[in-house]
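Accompanying notes for the structure given below.
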Amino acid sequence: MNVVLFGPPGAGKGTQAKELDKHYQIPHISTGDILRANVRDGTKLGKEAKGYMDKGELVPDEVLIGVIKNRLAESDCKPGYLLDGYPRTTPQADALSSILVEIGMPLEVVLNIDVADEELVTRLCGRYVCTCGESYHMKFNPPKKENVCDACGADLYQRDDDKEDVIRQRLDSYKEKTQPLISYYGEKGLLVDIDGTGAIDRIFSDICKTLDQYK
């Protein structure tokens, strides 16, 4: 199955993607992760991307789509893929569609995890992270010892972009950028809205009911 995953900051997209990766044995492809991997490994596209990133500029669409195309050509993508973080604009969606058809892996469904703004603010304001990669929530998933990571014992910290004023700006920006894509995929009959409020297991079950149609 070939899937694109949308969801605002704090919607639990990463959590669901991790579980879907395990359940369906299709790789979770985060464009940010694969871009950083290409830069780290010094690939041709990675060097090209680094040139823009070092200058604080956005990586051009043609470089991003090249990185995605190369990742989809890897053997673990044969059963399908779960693409996260791309597209972000309708021109990117058009370019992605062309590439996916060209390589014989056309998009089958776009999942949009939908959560109300106030719920997202509550979720994100309580989020604390560790340098080891672990993430906690002071209300929903607190560490055993206050402000200390269960996994490695290091102090937890709150990212600047998890503070309320910044969160609201991020949500406004997300809606402004993503709404045209929601309409774009809705018109193509590919969009499925998922209620992202409530228990993680229930949300996962709802997603699986949708994706099982594409197995």
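Any Cβ shown, glycine's included, is placed from N, Cα and C.
Copied from Swiss-Prot, the annotated features are:
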BINDING   Gly10, Ala11, Gly12, Lys13, Gly14, Thr15, Arg127, Ser135, Tyr136, Gly198  ATP binding site
BINDING   Thr31, Arg36, Glu57, Leu58, Val59, Gly85, Tyr86, Pro87, Arg88, Gln92, Arg159, Arg170  AMP binding site
BINDING   Cys130, Cys132, Cys149, Cys152  Zn(2+) binding site
REGION    30-59  region 'NMP'
REGION    126-162  region 'LID'
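Among the binding-site residues listed here, namely Gly12, Gly14, Cys130, Cys132, Cys149, Cys130 has its C-alpha nearest to that of Arg159 (AMP binding site). Here the CA atom of Thr31 (AMP binding site) lies 21 Å from the CA atom of Cys132 (Zn(2+) binding site).
Packing around Cys152 (Zn(2+) binding site) is summarised by its Cβ count: 11 other Cβ atoms lie within 10 angstroms of its Cβ, all protein chains included. The CA atom of Arg127 (ATP binding site) is located 13 Å away from the CA atom of Cys149 (Zn(2+) binding site). For Gly10 (ATP binding site), the count of additional Cβ atoms within 10 Å of its Cβ stands at 24 [all protein chains shown]. In this record, ATP is bound by Gly10, Ala11, Gly12, Lys13, Gly14, Thr15, Arg127, Ser135, Tyr136, Gly198; the longest C-alpha to C-alpha distance in that set is 19 Å. Around the Cβ of Cys130 (Zn(2+) binding site), 19 further Cβ atoms fall within 10 Å across all displayed protein chains. Of all the binding-site residues listed (Gly12, Gly14), Gly14 has the fewest other CB atoms within 10 A of its CB.
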